[in-house]
Amino acid sequence: MDTAERSGTPIRSVFVAIGLTIAGVFTAELLTLPTFLVDPNLMDAPTETSRALRTVFFTLNFLGFFVAGAVYLWWTERDWSFVNLKIPSARGIGIAIVGVGISLVFLFAMNAVSIVLEIPSSESSVLNFIGTDPTMVLIMIAIVFLFNAPAEEFLFRGVIQTRLYAAFSKTQAVVITSVIFAVVHLPAYALAADGSLEPTTAIAFSLVVVFGGSIIFGYLYAITDNLFVPTIAHAGFNVFQFGMLYLVLQYGDEDDVDAITSTALDGLETILEFAPAVLEVSRAMVVSVPM
């Protein structure tokens, strides 16, 4: 990996990166506030709200990341070329596809480790908005392509990682960005559906998975200097997991679906009993969607 030209102050660059992250989260919270005013159930019982409202919620949530990054570019008088969004070459598309494969291999490997070491899985709060509704999963797949992956990659790779190049090597920038990216996902994995804290080991393991995925996406961005590449890889990574969840919810019977939503790992053992080999590396996959 090439070394980026360094001209900034490391401490200042890190604080800018952290500030951008906080701004992204704050803007997302601000933009989604109206949805909670429309139906307060969105906070405590999101599956009792309409699909349309949940769709608007997620859309506004990810738009917050876009807004934060765009405001930073405007405030610092940088143009859009700063984020390196280009039409990909055939090589770029190929690298993006390979990136999807590598990220999924990493996910399978981590899930295998969690099974061997008997590490519990921390369920993503996204599942609280899906419940047992396969149609909502399909909506989430569309959101992943249109808003989730583009927004997160725009802010964390296009803006934050690129900004860190001013003070760090590309490798260092990838690692620092990934640490921040993982920390941002802490709230999504820390709280269980009933509001209690997930086991510490489960939270830590889920964040390691998020960190590893971010390292992969960051590396793809660093070697291609094209934001399109990690965006496609990130989208493919998340869509694969939602696709598995859709198959489980769509083709499992009521008892199986109830088992998944209450105790996801045990539920998947029941549903996928016809394919135990697949189960062992994928049962935690549907409860660890790093968005």
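Even glycines carry a Cβ here, placed using N, Cα and C.
According to TrEMBL, the feature domain 'CAAX prenyl protease 2/Lysostaphin resistance protein A-like' maps to 136-240.
Residues annotated as transmembrane segment in TrEMBL: 12-36 (among others).
Positions annotated as transmembrane segment by TrEMBL: 56-75 (among others).
Per TrEMBL, the feature transmembrane segment maps to 95-117 (among others).
Residues or ranges marked as transmembrane segment in TrEMBL: 137-160 (among others).
Summarising the annotation, TrEMBL assigns transmembrane segment to 172-190 (among others). With a cut-off of 8 Å between Cβ atoms, the residues of this chain six or more beyond the transmembrane segment (172-190) that come close are 4, 14, 17-18, 21, 24-25, 122-126, 152, 156-157, 160-161, 164-165, 197-198, 202-203, 206-208, 210-211, 214-215, 218-219, 221-222, 288, 290-291.
As annotated by TrEMBL, transmembrane segment applies to 202-220 (among others). Within the chain carrying the transmembrane segment (202-220), a Cβ under 8 angstroms from the stretch's Cβ atoms is held by residues 1, 95-96, 99, 102-103, 106-107, 110, 114, 119-122, 124, 153, 156-157, 161, 173-175, 177-179, 181-183, 185-186, 189-190, 229-230, 233-234, 237, 288, 290, all 6 or more beyond its ends.
The transmembrane segment annotation in TrEMBL covers 227-249 (among others).
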Treating G and I as helix alongside H, and B as strand alongside E, what does DSSP give for the domain 'CAAX prenyl protease 2/Lysostaphin resistance protein A-like' (136-240) in helix, strand and coil?
87 helix, 2 strand, 16 coil
